[in-house]
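Per Swiss-Prot, these features apply:
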type	residues	note
BINDING	C79, H82, C150	Zn(2+) binding site
Amino acid sequence: MEEKMDSKRIENAFFEVIEALGDVEYKEELKDTPKRIADSYKEIFYGIDIDPKEVLTKTFEVNSNELIMEKNMDFYSMCEHHFLPFFGTVCIAYVPNKKIFGFGDILKLIEILSRRPQLQERLTEEIAKYIYEILNCQGVYVVVEAKHLCVTMRGQKKENTKILTTSAKGVFETDSNKKLEVLTLLK
């Protein structure tokens, strides 16, 4: 895959940010920081150019329509509003329709979608959308709980605040018992 990220441009931009901060006492120690930031952005944002549909091509046939849940999957991302990290856990429950992903593939989906400038609400919706569309499952319910450093470090500065977002597709939109089953298992 061709790398589209312009590391040199990122490096130059962060050099300008450091200069714009004013007379920073430790300028000598900061001289390699722009390059380190550019290098770290390659890793942090590697999901930008990856289409999840191209990666999630392997499914397994099943003869079950029972709930499948994978929970407490850690992730981190960067808030697109402030370019500060947010991190937390994802829980995914779905009812298959003859095919499933391997558990590692679900982790891969979360990784790809979170490794880009992101909003938690969009991340939650995208995870649900891709699982629902690719698997053509009966329904999917996604819960994302995260701590945002933009809330902790700036503005209101509330250290213990966590944001919870959900997305429901298919049977989870219409069958309150199915949704209740997931919420009970989350406790």
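Going from the start of the chain as shown, residues are counted 1 onward.
The backbone N, Cα and C atoms fix where each Cβ goes, and this holds for glycine too.
The shown structure was predicted, so the numbers you read here are calculated from the model rather than taken from an experiment.
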Neighbouring C-beta atoms (10 Å sphere around the C-beta of C150 (Zn(2+) binding site)): 16
Conformational class of H82 (Zn(2+) binding site) under the three-state DSSP mapping: coil
Neighbour count (Cβ, 10 Å) for H82 (Zn(2+) binding site): 15
Reduced DSSP assignment, C150 (Zn(2+) binding site): helix
